[in-house]
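Novice: The structure follows.
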Amino acid sequence: MAIGLVGKKCGMTRVFTEAGASIPVTVVEISANRITQVKNTDVDGYQAIQVTTGTRRDSRVTAAQKGHFAKAGVAAGRGVWEFRANDSDLEGREIGGEILADLFEQGQMVDVTGNSKGKGFQGGVKRHNFSMQDATHGNSVSHRAIGSTGQNQSPGKVFKGKKMPGQMGNKRVTVQGLEVISVDVENGLLVIKGAIPGATGGDVIVRPSVKA
């Protein structure tokens, strides 16, 4: 897998083409991704680059984290993320170095990963797009109920994986094949066509598209 960047979702807006067409876009803030560790096959069993970004109050950094960041010679960030890498990805990448928004270029296709918005406990109609039952005709309390879950006497049980009410959202989601509309290295901004997972202010991971 190729190296990506960790950024913060700023929100959505739109841009116009020269022909006047409106394109919905999401703006992602890319602060410098500081390299905290370079893993190799001999020591770790696989190749990867570990990065951090942003800042975190000193009181919120554990002693182990302080030592890890100090060893890399970088300021403590709001988390650590890891990207699997091959030999070509590791060229010129050293501990303490930075990866900036210019990792991507205009027109490139990317995959964006984030945590979807949490919706809490939801019923089958909202969570799984089930149809509602009759509003009248003798139905008094089961308008949004999911109905039978265990079939008949045979099998007489609820199969694993049955779609039922429960926690909705707040899951790791990846949207593939989004186009980079523009890259602003000076201000650390990526403008990506379409919507990406998560709420405004949430962390997102931007990688080169696996299907490009």
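The count begins at 1 with the first shown residue.
Glycine is treated like the rest: Cβ placed from N, Cα and C.
Annotations per Swiss-Prot:
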REGION    140-166  region 'Disordered'
COMPBIAS  140-155  compositional bias 'Polar residues'
MOD_RES   Gln153  N5-methylglutamine
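In terms of burial and nearby residues, how do these features look in this structure?
Specialist: Within the same chain, residues 123-125, 130, 132-134, 162-165 sit at least 6 positions outside the compositional bias 'Polar residues' (140-155) and bring their C-beta atoms closer than 8 Å to a C-beta of that stretch.
Counting only same-chain residues six or more apart in sequence, none has a Cβ lying under 8 angstroms from the Cβ of Gln153 (N5-methylglutamine). DSSP classifies Gln153 (N5-methylglutamine) as coil under the three-state reduction.
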